[in-house]
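J.: Got a structure here, written out as structure tokens. Questions coming.
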Amino acid sequence: QNDGQCFQDSPNCPKRSTCVCRSCYYGDRCQFSTSEFGLSLDAILAYHIIPNVNIIHQTFIVKLSLSITILFIFIGVINDILSFITFKNKKVREMSCGIYLFGSSITTLLTMILFGLKYFIYLSSQMSILSNQSFFKIQCHSLDFLLQICLNMNQWFNACVALERAITVIQGIQFNKKKNKKLAKKMLIILFFFIILTSIHDPIYRRLFEEEENDNDEMKRIWCIVTYPSNLQIYNRILNTFHFFVPFLINFISSIILITKTSDQQSHLHQNRSYQDMLWEKIREH
């Protein structure tokens, strides 16, 4: 797959074969790619997991990843629950920023739960603890899709918070709290459907792939892979770029506006201090 070249040990009655993959591809049949924005669990752990072997006898990398994941999820879930309780308060949600932060606390908590499920299902499937094909198929089509939605929504919510703070500083006393609160609720719904629509192609092109190690039926690995046609690959990369860079730019520009505007306001209040001094002070704060 993916223009890999495979070689056999004999032209007449081959018993073994090996594949040489192009750059950014790996796997016994070159079925996996590391050319996107991030590395999947497959790319990170991949062949470090030994099939049909319990966790005690797994490799050091697998044990280390399990320990880090458990600690990461434990701390993350506690932090996200506390954030959810904080932003659930009606007084906090009277401001549009509070609504975005409340939405962010929900998506962050869901991201942590989904990541935990994905990791433990992946580990169990590679260790051959789980073997239900129907279950694997359902989680293959759903978990990555839901995880992608939560991650993208969280990025956009954070961008909305930054933008809202910048608008508040620009408008000052003319800032309409009630109007912006209604707008924030509409934005939550718009973002939710927009992100689903721009991610809906992912589960459609996902499939399970079984790999036998060295032609050994007992050493099977089950992979959840996504294979896009060439045109859809370009479309997917454009969308990934959009969902990553646009919220980043909104955050960056909003931060500049916030720093410069507050520095300007402070310099008018404290006329004994220069604008440059106030600006550097705000930059250090942020």
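Backbone N, Cα and C define each Cβ position, glycine as well.
What TrEMBL records for this protein is below:
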- 64-87: transmembrane segment (TRANSMEM)
- 78-286: domain 'G-protein coupled receptors family 1 profile' (DOMAIN)
- 99-121: transmembrane segment (TRANSMEM)
- 187-205: transmembrane segment (TRANSMEM)
- 238-259: transmembrane segment (TRANSMEM)
J.: Six or more residues out from either end of the transmembrane segment (99-121), which same-chain residues have a Cβ under 8 Å from its Cβ atoms?
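T.: Hits for the transmembrane segment (99-121): 41, 69, 73, 76-77, 80-81, 83-84, 86-88, 92-93, 130, 139, 143-144, 146-147, 150-151, 153-154, 157-158, 160-161, 164, 181, 184-185, 187-188.
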J.: If I take every residue in the domain 'G-protein coupled receptors family 1 profile' (78-286) and average their pLDDT values, what number comes out?
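T.: When the pLDDT values over the domain 'G-protein coupled receptors family 1 profile' (78-286) are averaged, the result is 84.
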